[in-house]
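Here is what TrEMBL says about this protein:
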type	residues	note
TRANSMEM	113-133	transmembrane segment
TRANSMEM	170-192	transmembrane segment
TRANSMEM	204-226	transmembrane segment
TRANSMEM	238-262	transmembrane segment
TRANSMEM	340-358	transmembrane segment
TRANSMEM	391-411	transmembrane segment
TRANSMEM	485-506	transmembrane segment
Amino acid sequence: MTMDVRAVLEFATVTRGVSLVLQAVLNAAIPDHDADAFKPPRIEEPLYLDSVVEWLLGGLSHWDAEHFLFIAERGYLYEHNFAFFPLFPVVLRGLAETLLWPLSSWLSVRGRLLLAVALGNSALFLLSVVALHALSRFVLQDRRLALLSSLLYCITPANVFMTAGYSESLFAALTFGGLFLLEKGFTFRACLALSIATAARSNGLVNIGFLLYLPSLHAISQIRVYRATTTGHSKVFHYIWVVVCLLLTSLLGTAIIALPFCAFQYYGYRTFCTPSTSLEQIPPALLALAERKGYRVPDENGPPPLWCMRPLPLLYSHIQDVYWDVGFLRYFELRQIPNFILALPMATLGIMAAYAYFQANPDLCMRLGLWETRANKGLDKPIPGFFNPRVFVYVVHSAVLLVFGTLCMHVQVLTRFMASSSPVPFWISAHLLLLNEPLLHRRKTSNPNVQLQTHSRNGCKHTPQNPIIALLPYFKACSPTTQSILGYFLSYWVLGLALHCNFLPWT
């Protein structure tokens, strides 16, 4: 384990511990808001330690986390539960029935699931930060930028969603790990990781773009090298072979990544369009909740829902449309202005990243980064840092997420949507810090033994490993850029815990 990875893991471990302690304190100190959220009745009798675990970790079960916990405990009973993909509930139930099974005499399934959330998401976050650091080192080719990006990720503005019973940490670990494998050329293993990510969140489908782009880039590079070194008819056959391999890789990889989404939609279709469950099989308390709230449950004796009659009966689209009112420009209302303000900092980072990258590499962007000119040596010897040609596809991916999240989703989820799916918000933040903060000392060298160092203007001792911790005591002396970025990350880090864990609006 390198020194940088150790430093990142140590900081990530500290932030996970602080997050768990803070959510318990804030949840106990602030009364819960009586929100109109999904709150299924507790059917299982509580055991000895359930009240303790609920008091310590109850803040992790609010808002959408309740859906994941309910699915892990009861399965997919209500129609709107199908908005939440199955991998995270499977992981929680697996932990509850294996690692935490010795506690079954003292903790109910619900209690063990809450404990699984705390332990599982903490471990998954550590995996995600290691994957992000590896991806950043390979793509950016800049050790200092990769380290600072990973440390910023440890205090992500989406912190509460990485800690609570949400699938963000799981999705981030699989996505960043899969992209790293894809960059290294391990295409099949990358497709498997990205496929599993799609089983965690629907936006894993967007990762198909990386599969289509990065192998295409590699194929073009192969053709360029072969054209310069080979003559004769064999060149034509080699071109054909490269194109055929690219097409097969793209088709097979796309199918692998999309398979979990398709399988889950088919499961939803079978559950509600050809049900084998009768109302008598559903616990009365859960059935009463469905009748009171208008939740649809599978009923073999009832008529199928109307969405089953559509040419493409996608349950996920139906749920987003009917239950969450998600659609193009539907959120553009005056009463949603506070939610747009909530998402503004993350949107600003995304816009700045796209603008700065295009300003620095206009020719590369116009060529979609697919081939080189005489003035640009391409990807063989990339310029280290955020303006590296390898970063192009990640900036495009971030821009696509930003546009889609702003126009077609509940905009307040943009923070966690982008922070768990793209490394760009952390790359651009780290880039701006290193560019504008005088207290961050950058040595212009590629020597891997040179540490990222920080110092104060008063000649205080150097802190070689964690520039975030080193900057905080001198926050007032930092540049406006540093104050804005660290202020945004830390304020959202704490506010998210305080509000979300008490059923206050922060979703």
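Each Cβ is built from the backbone N, Cα and C atoms, and glycine gets one as well.
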- line: For the transmembrane segment (391-411), the distant same-chain contacts (Cβ-Cβ under 8 Å, at least six residues beyond its ends) come to 139-140, 203, 206, 209-210, 213-214, 324, 326-329, 331, 336, 339-340, 342-343, 347, 350-351, 353-354, 357, 361, 364-365, 368-369, 417-418, 421-425, 427, 507
- request: Rank 204-226, 238-262, 485-506 by Cβ pairs under 8 Å to the transmembrane segment (170-192) and hand me the top one.
  value: 204-226
Task: Flag the pair the transmembrane segment (204-226) / the transmembrane segment (238-262) as in contact if three or more Cβ pairs fall under 8 Å (sequence separation 6 or more).
output: yes
Cβ contacts under 8 Å made by the transmembrane segment (113-133) with residues that lie 6+ beyond its boundaries: 4-5, 8-9, 12-13, 16, 20, 53-54, 57-58, 60-61, 65, 69, 72-73, 91-93, 95-96, 99-100, 103, 107, 146-147, 149-150, 153-154, 162-166, 169-170, 172-173, 176-177, 180, 423, 426
